[in-house]
Ligand SMILES: NC(=O)c1ccc[n+]([C@@H]2O[C@H](COP(=O)([O-])OP(=O)(O)OC[C@H]3O[C@@H](n4cnc5c(N)ncnc54)[C@H](O)[C@@H]3O)[C@@H](O)[C@H]2O)c1
Ligand SMILES: O=P(O)(O)OC[C@H](O)CO
């Protein structure tokens with residue numbers, strides 16, 4: 001078996017942090033992986049220089065992960081199709097609103113035996129019209145006709161890039177077949193991977209924790225303390241388990257105890273961008289777009305968009321009333337509900353009845 005070529009599609013905060021890991025693991029296992037890792041970069045000019053050229057000369061993503069050196073075998077490529085040519089493993093790591101457009105550019109260019117793994121936390125808009133759910137992994141699979149696994153976990157990119165110890169979960173439907181190689185690609189001393197088969201649950205935990213993090217940001221902005229945030233986390237977890245069970249009956253409860261579940265909820269509700277942006281939204285009275293622009297320097301908080309997408313799909317089938325926390329997050333983001341009303345929503349939550 002010849003060594004697998006790997007492409008990272010995305011070079012934001014998480015894409016760059018994961019490039020540091022994958023650049024090193026591919027070098028460590030030359031029998032399994034081609035050591036050159038191509039990274040698709042959505043080109044932009046930063047301080048008068050092309051970002052891709054800075055990455056290829058100074059090996060630093062000065063906009064999205066400043067101060068951290070990328071391995072030299074990670075090569076920035078600005079042509080998406082060229083970045084994927086001949087690759088056997090595609091790592092998708094872009095804000096979820098860009099996935100469909102990128103995949104459509106790759107149609108007909110990706111052999112059927114290519115594997116993908118999505119690190120994207122979000123849901124597709126593709127299910128909304130029919131009131132159903134479409135996962136990002138399903139969107140990629142549908143467009144490119146390839147197998148897609150997922151990797152989610154309590155992984156704030158700056159801490160991962162700092163090599164601080166953490167865990168992550170790979171969800172892989174063909175666990176026996178694909179799990180070992182994918183684990184090899186990501187598993188390090190400080191980034192510990194567990195592989196599970198229940199990929200839907202892994203992916204939905206990753207998407208929905210961003211919605212819960214918005215609620216945590218709202219309560220922080222309102223000046224409530226850690227007890228309130230713990231209630232947000234607990235009720236958010238209850239809604240997440242119920243949501244997963246509704247769309248994928250028979251999911252494995254144990255998956256919620258993996259890094260993708262409770263651990264990611266905790267880290268995101270304390271240290272994430274969604275929390276930060278939503279806290280500032282309440283404190284400043286500015287719009288979410290304004291605070292995102294001011295605080296994140298081009299990075300993206302996926303929670304408000306995911307809350308809207310989840311709300312629209314639930315609304316179609318009248319499910320929204322059963323998920324008051326998810327619904328409240330959307331309504332607050334959309335200006336249909338005051339942030340202070342969130343506490344009433346928590347107070348009257350069905351979990352207390
Ligand atoms: N940052 C984290 O700590 C973290 C950790 C785990 C998972 N994630 C998830 O990973 C995914 C990617 O997040 P990120 O932090 O790497 O991204 P980011 O928030 O840093 O987003 C910026 C990226 O979007 C790209 N972009 C902007 N406009 C684009 C366009 N029109 N087409 C294509 N790309 C465009 C930019 O070039 C940049 O690479 C998200 O789903 C996120 O939830 C992030
Ligand atoms: O900064 P956030 O809120 O996008 O969260 C980042 C990661 O998903 C945490 O695991």
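Glycine is no exception: its Cβ is also placed from the backbone N, Cα and C atoms.
According to TrEMBL, the feature active site, proton acceptor maps to 209. Cβ contacts within 10 Å of residue 209 (active site, proton acceptor), excluding its own Cβ and spanning all protein chains shown: 31.
The Cβ of residue 10 (NAD(+) binding site) has 39, 40, 91, 92, 93, 94, 119 as same-chain neighbours under 8 Å, each 6 or more residues away in sequence. Residues or ranges marked as NAD(+) binding site by TrEMBL: 10, 11, 12, 13, 14, 15, 98, 157, 273, 302.
In the shown protein chains, 28 other C-beta atoms lie within 10 A of the C-beta of residue 121 (substrate binding site). According to DSSP, residue 121 (substrate binding site) is assigned to coil rather than to any helix or strand. The substrate binding site annotation in TrEMBL covers 121, 273, 274.
Here TrEMBL flags 5-176 as domain 'Glycerol-3-phosphate dehydrogenase NAD-dependent N-terminal'.
Residue counts for the domain 'Glycerol-3-phosphate dehydrogenase NAD-dependent C-terminal' (198-343) by DSSP state, with H, G and I taken as helix and E and B as strand, are 116 helix, 0 strand, 30 coil. According to TrEMBL, the domain 'Glycerol-3-phosphate dehydrogenase NAD-dependent C-terminal' annotation covers 198-343.
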Pairwise Cα distance maximum in Å, NAD(+)-binding residues per record: 10, 11, 12, 13, 14, 15, 98, 157, 273, 302: 19
Of 10, 12, 14, 98, 273, 274, binding-site residues neighbouring ligand 2, Cβ under 6 A: 273, 274
Annotated recorded positions 121, 209, 273, filtered by Cβ under 6 Å to ligand 1: 121
Three-state secondary structure, which DSSP defines for residue 14 (NAD(+) binding site): helix
Which of 14, 274, all binding-site residues, has a Cβ with the fewest other Cβ atoms inside 10 Å: 14
Maximum Cα-Cα separation in Å among residues 121, 273, 274, which the record lists as binding substrate: 13
